[in-house]
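Annotated ATP 1 binding site per Swiss-Prot: ARG129, ARG169, GLY175, GLY176, GLU208, VAL210, GLU215, GLY241, VAL242, HIS243, GLN285, GLU299, in sequence order, evidence recorded as sequence analysis. Residues or ranges marked as Mg(2+) 1 binding site in Swiss-Prot: GLN285, GLU299. As annotated by Swiss-Prot, Mn(2+) 1 binding site applies to GLN285, GLU299. Residues or ranges marked as Mg(2+) 2 binding site by Swiss-Prot on the basis of sequence analysis: GLU299, ASN301. Per Swiss-Prot, Mn(2+) 2 binding site is recorded for GLU299, ASN301. If you look up Swiss-Prot, you'll see ARG710, ARG750, LEU752, GLU757, GLY782, VAL783, HIS784, SER785, GLN825, GLU837 marked as ATP 2 binding site. Swiss-Prot lists GLN825, GLU837 with the feature Mg(2+) 3 binding site. Swiss-Prot lists GLN825, GLU837 with the feature Mn(2+) 3 binding site, giving sequence analysis as the kind of evidence. Feature annotation from Swiss-Prot assigns Mn(2+) 4 binding site to GLU837, ASN839; the stated evidence is sequence analysis. Positions annotated as Mg(2+) 4 binding site by Swiss-Prot: GLU837, ASN839. For 133-328, the entry in Swiss-Prot reads domain 'ATP-grasp 1'. Per Swiss-Prot, domain 'ATP-grasp 2' is recorded for 674-866. Residues or ranges marked as domain 'MGS-like' in Swiss-Prot (evidence: sequence analysis): 934-1028. Residues or ranges marked as region 'Carboxyphosphate synthetic domain' by Swiss-Prot: 1-409. Look at Swiss-Prot and you will find 410-549 tagged as region 'Oligomerization domain', backed by sequence analysis. Here Swiss-Prot flags 550-933 as region 'Carbamoyl phosphate synthetic domain', drawing on sequence analysis. Per Swiss-Prot, region 'Allosteric domain' is recorded for 934-1028, and the stated evidence type is sequence analysis.
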Amino acid sequence: MPPRRDLKKILIIGSGPITIGQAAEFDYSGTQAVKALRGAGYRVVLVNSNPATIMTDPELAERTYIEPLDLEHLEGILAREAPDALLPTLGGQTGLNLAMALHEEGILQKYGVELIGAKAEAIRKGEDREAFQEAMQRIGLEVPRGQLVGSVEEGLHFAREVGFPVVVRPSFTLGGTGGGIAHDEAELVEVLSRGLTLSPVHTALVEESVLGWKEFELEVMRDHADTVVIITSIENVDPMGVHTGDSITVAPAQTLSDVEYQRMRDAAKAIIREIGVETGGSNIQFAVDPKTGRQVVIEMNPRVSRSSALASKATGFPIAKIAALLAVGYRLDELPNDITRKTPASFEPTIDYVVVKIPRFAFEKFRPLRNTLGELKDELTTQMKSVGEVMAIGRTFKEALMKALRGLERDVRALAGVRTEELEKKLYPNPDRVYAVMELLRRGMPVEELYQATRIDPWFLHQMKEVVEAEEWLKTHPPKDREDWRFYKGLGLTDRRIGELVGKGEKEVRAERKALGVVPVYKTVDTCAAEFEAYTPYHYSTYELEDEVWPSQKPKVVILGSGPIRIGQGVEFDYATVHAVWALKEAGYETIMVNSNPETVSTDYDTADRLYFEPLTLEDVLNIVEHEKPIGVIATLGGQTPLKLAKGLEEAGVRLLGTPFSAIHQAEDREAFHALCQRLGIPQPEGRVAQSPEEALRLAPEVGFPLLVRPSYVLGGRAMQVVRDEGELKRYLEEVYAPLEERPSILLDRFLEGAVELDVDALSDGQEVMVAGIMEHVERAGVHSGDSATLLPPVHVPEEALKKVRDYTRRLALALGVRGLLNVQYAVVGEEVYVLEANPRASRTVPFVSKAIGVPLAKLAALIAVGKTLKELGVRDLDPVPPYYAAKEVVIPWIKFPGVIPELGPEMRSTGESMGIDQDPYLAYYKAELGAGQRLPLSGRVRFIGEGLEDLKALYQEAGFALTEGEDYDLLISLVPDPELRRAVERGLPFITTREGAWWSLKAILRARESGLRVQSLQDWHQKAPRG
């Protein structure tokens, strides 16, 4: 069937700001789909409120709208653009829910827009829990017994029938939001009340528990001709009860018998046909009772999902790209496999390696010790809590597991010092469980006992035990020949770990291994187990004899990615590395990407010329550098992870491109930076560096309270706090500093109360400096810059202060010897400007500033790194200021951490961001708030909590708002961490926790009342901006 030519213009909805349960995988799938559809001759309109994405780059779609993802703005875009079709399956749950709302409200019909990829009925059947159960019964497949309920009473009635525990799954929510496991009636009342509130349709499925069963997923694709292919099977190492996004997973499935697998395949094909997903991908989840083999269907996602991103990276089969092309009428057998160029997409991938994914968590950012449910603070349940993930490829499960563990950037012996009885308490589902299991295996706990405690399949436990036994043997039998070395390295053991076991240093072990000629070989991900030649260079390392990767003779550059997403190091850094790859490719260099994150555009097989899917450790990166012999490595774009490798790479003789390591060190070394600022005559707040807690207590009175305290060398404000007296400082040192593994020095800074903070992104070639963007923080000093709303250009900073900011930024860039990007943070009091810190690397604001001014900063930085100047790159305006305002607001996943009361402080907690653009700064702010899910009411009741709020109350009353003390309000403003804030989170109501936020929000509300809704594409905004 030829592609549909009756469709000319297609609208794609993105997934909005990154949050837990919906991360960079949708940027990856959306980017792939836009490229595929434009390549097939379609015009593409994209809408997404998230500026930190590749998909919102103005070059990608024909028209790009960075607007809030709600019905009003979508209708405005439909009216303006008149697309023929809407593809809803690439924007995660957000995109799917929005498409359904547009359909149900009759808006799609009004504008004559067709839903493609998945019809409304298929989406309803796949997402509506009751409809899905009925569909499964029709085709004779078992599901756990369950009932769709609309009230707590109905839920209690059903639970009494089937017995506890029961699982609660709210309808149409993301990453299991609002769901959970209830072990008794009191817990059910709590979980179900929350779930019913958070479900957009206020229903939830209460079902019998299959806790402890094995969990499997199949990625399935279907075309118009009813060809169905299974892309891969995925097995969850953690049993049922842990959300699949929070579970360690492995592909292909390892413990299914062939008969069980065939049964599952047949079921998956029947399901995709019954639900009616005519084109595209679906993810179907099954549970298997390990005792009886009983197989039940858990759920399906009739869209591209987190698992499909993982399946794409695991197999090399581009699910999102193929799904987009199937949606416009192609058949699977008409689409070639990019990797082999010989086989069509209707050939199921075959893989001759094992892939392991491990999630990355951020519990340390959200700290109540117990929530009201009695869940332990880091317990994993059916509600997803991880913020990122790492993937590794090996020839065996053991090798892939050990590579993935080191990709998390944590010591595999993280729990070595913990007492056995404490370790036994860590066997409930939590992020440390895999470390506890391995440590207990080292101490001789039998596999059967561990199985009873964890329900992790004995096969996986035996695999871990084999690694542990090999480590034990190694202590007394150091490797003596190549075979020994290959055996130990083939288990995924690092040089450092081998060194610890045999009593040698990492460098010595590396030298011994290389002297024997034992180096990794690189294998290729080819979708066909080496049956056909592969044309796309996508590689992983292993310790075997045959190398499948031959380096070319072209000049090449290695770009280091940022590893798993975490709070403080998000998709913004992936954005910067992808732009660098594209720029260097255009400039004629062969680009080599090294990264371990399966969710991102950087690890797409067609982003760089070569992709090494490897952990970002010094050993792994040096192996690649020695294999490829590049002209140099770029380590300043991927955040703190590659930056930490810069010193080791330089010591090993690797050339760092761009800003030299000496500049990075000078900016991060407190005393060196202080001396530099004094020499340049740039004011800094009073500050000291202490090497121990005792010294910190002695120095604090010299600097004077209040103090901003933090450990040196951290990202995302980890362990940063404002302390107001000696008692608070002592508590900080005992509770926050003492548990840190590395015990760095302690920075004590005078805290400037009431100062306006500015964030500046600049670009330097060593001669000239472009001050690309100056951003004003809405929240005052003391709130981490990554958690503050920002405006570009600034609204409330005097011109005299801005002149100083530009001048100081130029002086710092040139004095540090920056060749590339520089981020500087300032505090402004009146016209006085103080520098807080400078980071000679890509910052998390680079995508936002690039979109705001219409200049691709990361691309320019990469070209400067290989010797170009700003003049040569055609940059004429060194102080670009757009003739409109761009606002950025952050998203913090409070809802995922029951019991946590929202509060902003110096430690970063946001996972994502939204952007608003308008001629008026307050309307830009209003749009950014809407984009972040904060629906500020234009009228209604406001409740205030806290002292000294009379001025704000008067302003809100003057604006026509009624004040209330009760629970029935439309907006909550609480300047103290009151439990009512938690209730607002759970009821989905807007809330504000800072005085500045309340003031800005009121101004924004007043402007939004006056002016109607305006939507405009990024391309149109950029027409107005002065070209750099």
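Keep in mind that glycine also has a Cβ here, set from the backbone N, Cα and C atoms.
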C-beta crowding around GLU215 (ATP 1 binding site), within 10 angstroms: 23
Counting Cβ atoms within 10 Å of each Cβ, the densest environment among the binding-site residues GLN285, ASN301, ASN839 belongs to ASN301
Considering Cα atoms only, can you say which of ARG129, GLN285, GLU299, ASN301, GLU837 is the nearest neighbour of LEU752 (ATP 2 binding site) among these binding-site residues? GLU837
Enter the number of other CB atoms within 10 angstroms of the CB of GLY782 (ATP 2 binding site). 21
In the chain carrying GLU837 (Mg(2+) 3 binding site), residues 6 or more apart in sequence that have Cβ under 8 angstroms from it: ALA667, PHE673, VAL824, GLN825
Between the C-alpha atoms of ARG710 (ATP 2 binding site) and GLU208 (ATP 1 binding site), the distance in angstrom, to the nearest integer, is 47
These are the binding-site residues: VAL242, LEU752. Which one scores highest on other Cβ atoms within 10 Å? VAL242
Looking only at C-alpha atoms, tell me how far ARG129 (ATP 1 binding site) is from ASN301 (Mg(2+) 2 binding site), rounded to the nearest Å. 11
Between GLU208 (ATP 1 binding site) and GLU299 (Mg(2+) 1 binding site), how many Å separate their Cα atoms? 14
Relative to the Cβ of GLU299 (Mg(2+) 1 binding site), which residues of the same chain, six or more apart in sequence, are found under 8 Å away? ARG129, PHE132, ARG169, ILE284, GLN285
ATP 2 site residues ARG710, ARG750, LEU752, GLU757, GLY782, VAL783, HIS784, SER785, GLN825, GLU837: biggest Cα-Cα distance, Å? 18
Students should find that the Cα atoms of ASN301 (Mg(2+) 2 binding site) and VAL242 (ATP 1 binding site) sit apart, in Å rounded to an integer, by 17
Note: among binding-site residues ARG129, HIS784, GLN825, least Cβ-dense neighbourhood at 10 Å is GLN825
Could you check which of the binding-site residues (GLU215, VAL242, ASN839) sits closest to GLY782 (ATP 2 binding site), going Cα to Cα? ASN839
According to DSSP, which of helix, strand or coil covers ARG710 (ATP 2 binding site)? strand
Secondary structure content of the region 'Allosteric domain' (934-1028), with strand meaning DSSP E or B: 41 helix, 13 strand, 41 coil
The region 'Oligomerization domain' (410-549) resolves under DSSP into 72 helix, 10 strand, 58 coil
Count the other Cβ atoms sitting within 10 Å of the Cβ of GLU208 (ATP 1 binding site), across every protein chain shown. 20
